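K.L.:
Among the features that Swiss-Prot reports, N-acetylalanine is placed at A2. As annotated by Swiss-Prot, N6-acetyllysine applies to K14, K106, K259, K333, K353, K361. Annotation comment: Swiss-Prot describes R97 as omega-N-methylarginine. As annotated by Swiss-Prot, SUMO2 cross-link applies to K239, K327, with the evidence given as similarity to another entry. Annotated phosphothreonine per Swiss-Prot: T266, in sequence order. According to Swiss-Prot, the phosphoserine annotation covers S290, S362. The annotation citrulline is assigned in Swiss-Prot to R300 on the grounds of similarity to another entry. For 359-421, the entry in Swiss-Prot reads region 'Disordered'. Taken from Swiss-Prot, the feature SUMO1 cross-link applies to K361, supported by similarity to another entry. What Swiss-Prot records for 368-391 is compositional bias 'Basic residues'. If you look up Swiss-Prot, you'll see 401-421 marked as compositional bias 'Basic and acidic residues'.
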Amino acid sequence: MACARPLISVYSEKGESSGKNVTLPAVFKAPIRPDIVNFVHTNLRKNNRQPYAVSELAGHQTSAESWGTGRAVARIPRVRGGGTHRSGQGAFGNMCRGGRMFAPTKTWRRWHRRVNTTQKRYAICSALACLSLPALVMSKGHRIEEVPELPLVVEDKVEGYKKTKEAVLLLKKLKAWNDIKKVYASQRMRAGKGKMRNRRRIQRRGPCIIYNEDNGIIKAFRKHPGITLLNVSKLNILKLAPGGHVGRFCIWTESAFRKLDDLYGTWRKAASLKSNYNLPMHKMLNTDLSRILKMPRDPRALRAPRKKIHRRVLKKNPLKNLRIMLKLNPYAKTMRRNTILRQAKNHKLRMDKAAAALEAKSEEKGVPGKKPRRKKGKKTVGVKKPKKPVVGKKAAATKKPAADKKPAEKKPTTEEKKPAA
């Protein structure tokens, strides 16, 4: 399978190259922006929604009134009457059985979304650019292993087909019938409530046929499941990128393929069929940075490489870090030492002054002066001080004289206790 080329071969209805070539339109080289495609698809798809809402009377078609406080039950309105299970049950609230929903839906919701025209065109250009990349088309699930070329262009004679068998024969000759067989094999029952809402069956997407004029081509291809037919002048992003995912398999007619340059422009020439529009530009024309940096011609366009390494220095607080402070102010060490000495000197002066005042006061009362007591550290609780060993005369005086030991008397035995016979 060939890749995207500047010249695209045109294939006949027999599946062979007709010998004619078509220049690849510039729109196939447009920037690929899946984010824009997804955004535009999401917003345009919202325009097909049908308004819905619950009834305004739902949950309120009963007579209920709150019992008030003092009954040890919630203050929710309760159904009146008796003789039935319903009486006394809560009503109206969204937490009650049979009550209304929270924030009932209204039909005046903002259902539709407006999308900028330029943004819609950008999305279509990106979706068209993906049609020429086999990897993206295959990742979407299309069976294009045997397709001769992408984009696949056929002669304009196909636009005059009116019979289904002619369309089947063409798809088989172009090796695109495998994609239709995939659709047949994927038909299955929908999971969920959609089965009850006229959406019973689902299936995969098949190829998209893009034509210029309808001379019967719609009747020929419309019977096959999964096939979508689009006019090249009315391309739809919902059909080109189903689900907001780029890469759908498309088959073009020759006249439709040639018309793309007039519809979207070529960068050098604006679009002739649109007013004041040209293709979006790429952010980078060449993404190979190594090639750009090593380009020999015109090196002045590039800034000279920065060879000097600027290392970030961790700034430490000199008020907390003495080493950094000494770098900034070497005299700081001397200042600190002088401050400590001055504080010690002042403390000594205060103590001497207090001692002198106490001595003068004691002399007035006739009591010899005492030195002022200093603060002692807190005593530890539960710790006994070890006793100092007593040495010298005190030790001899404190020792008690040993009592004279008497010889131990022997206790009489049982035989001695017996009286002599």
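Every residue number used here counts from 1 along the chain in the order it is shown.
Glycine too: its Cβ is placed from the backbone N, Cα and C atoms.
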K.L.:
Just name the most isolated of the modified residues T266, S290, S362, going by other Cβ atoms within 10 Å of its Cβ.
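P.N.:
Lowest Cβ count within 10 Å among the modified residues (T266, S290, S362) is S290.
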K.L.:
Give the sequence-ordered list of residues that share a chain with K259 (N6-acetyllysine), lie 6 or more positions from it, and have CB atoms under 8 Å from its CB.
P.N.:
N212, V232, S233, L273
K.L.:
Find the one among the recorded positions R97, K106, T266, K327, K353 whose C-alpha lies closest to that of K361 (N6-acetyllysine).
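P.N.:
Sorting the recorded positions by distance from K361 (N6-acetyllysine), the top entry is K353.
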K.L.:
In Å, rounded, how far does the Cα of S362 (phosphoserine) sit from the Cα of K353 (N6-acetyllysine)?
P.N.:
14
K.L.:
According to DSSP, does K327 (SUMO2 cross-link) sit in a helix, a strand, or coil?
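P.N.:
For K327 (SUMO2 cross-link) - judged by DSSP and reduced to three states - the answer is helix.
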K.L.:
Using only C-alpha positions, which one of R97, T266, K327, K333, K353 is spatially nearest K106 (N6-acetyllysine)? These are the recorded positions in the record.
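P.N.:
When the Cα distances are compared, R97 comes out closest.
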K.L.:
Could you state the whole-number distance in Å separating the C-alpha atoms of R97 (omega-N-methylarginine) and K239 (SUMO2 cross-link)?
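P.N.:
Computed Cα spacing between R97 (omega-N-methylarginine) and K239 (SUMO2 cross-link) is 44 Å.
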K.L.:
Taking the Cα atoms as reference points, how far is K239 (SUMO2 cross-link) from K353 (N6-acetyllysine) in Å?
P.N.:
102
K.L.:
Name the one residue among K14, T266, K327, K353 whose Cα is closest in three-dimensional space to that of S290 (phosphoserine); these are the recorded positions.
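P.N.:
Checked the recorded positions K14, T266, K327, K353; minimum Cα distance to S290 (phosphoserine) goes to T266.
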K.L.:
Cβ atoms within 10 Å, counted per site: which of K14, K239, K327, K353 has the most, among these recorded positions?
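P.N.:
For the recorded positions K14, K239, K327, K353, the Cβ with the most other Cβ atoms within 10 Å is K239.
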K.L.:
Among all the protein chains here, how many other CB atoms are within 10 A of the CB of the residue listed as 'omega-N-methylarginine'?
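P.N.:
Taking every protein chain into account, the count is 9.
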